[in-house]
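Here the structure is laid out as structure tokens; the discussion comes afterwards.
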């Protein structure tokens, strides 16, 4: 950030690239879930099960990953006081958490029940990720919004809060990648989707851009807020010696 609170050129460029990547991810997942609905038809062919099946990728990618990524970037672009930034950050993370919980809930609403949807690495990682995210949100709320917390306690918690936030965000993207791979492999094994077709290109492109978005969000979050100026050394010369200050 610049001295006046405005993003530096580098930060602005990273934010722009992250927003473009997020927009492309949203377009790809919407196209996949709403246009190729036959790939989400459950065995029961129930309209309610179809809605739950389509809602799952939309909520987990757009609601959970994209919104939580935007919450991470709030401190890089939002003007105003730190209290305002923290409030917006907490609110966006709360929306992302609600989307993640509801997204997992949709997978447990099928006629096959909970056990049928709790067998793969993707499902185990998803539950772990949302659980960590919920604990992280609660820790952030207690540490930064509870008036009884002293400043030194907040300073001790902050590095762990940042680390766990970025770790959970990266874990969410990896979980989505395993879900995309699992879904596409299943469809291709069943012969529903060909190995080379438009839908396969969309799903693979979605995975690539999710990985790109993850890198941009984390890079923007950890990049220096401002360029530190190199201290200048003043040299004073005299007849007998050289003095520096």
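Think of each number as a place in line: the chain as shown, counted from 1.
Any Cβ shown, glycine's included, is placed from N, Cα and C.
Bear in mind that TrEMBL entries carry predicted annotations, made automatically and left uncurated.
Because the structure is a prediction, the values reported are computed rather than measured.
The annotation domain 'Cytochrome b561' is assigned in TrEMBL to 17-222.
For the transmembrane segment (12-35), the list of distant contacts is 54, 57-58, 61-62, 65-66, 69-70, 73, 76-77, 199, 202-203, 205-206, 209-210, 212-213, 216-217, 219-220, 223: same-chain residues at least six beyond its ends, Cβ to Cβ under 8 Å. What TrEMBL lists as transmembrane segment is 12-35 (among others).
Among the features that TrEMBL reports, transmembrane segment is placed at 55-75 (among others).
Look at TrEMBL and you will find 87-105 (among others) tagged as transmembrane segment.
Sequence annotations record features per position, and here TrEMBL assigns transmembrane segment to 125-145 (among others).
TrEMBL lists 157-181 (among others) with the feature transmembrane segment.
TrEMBL lists 201-222 (among others) with the feature transmembrane segment. Sequence-distant contacts of the transmembrane segment (201-222) (same chain, at least 6 residues past either end, Cβ-Cβ under 8 Å): 11, 14-15, 17-18, 21-22, 24-25, 28-29, 31-32, 36, 61, 65, 69, 72-73, 76, 162, 166, 169-170, 173, 176-177, 180-181, 183-184.
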Residue numbers, six or more beyond the limits of the transmembrane segment (87-105), whose CB comes under 8 Å of its CB atoms: 55-56, 59-60, 62-65, 67-68, 70-72, 74-75, 78, 126-127, 129-130, 133-134, 137, 140-141, 144-145, 172
Confidence summary (mean pLDDT) of the domain 'Cytochrome b561' (17-222): 88
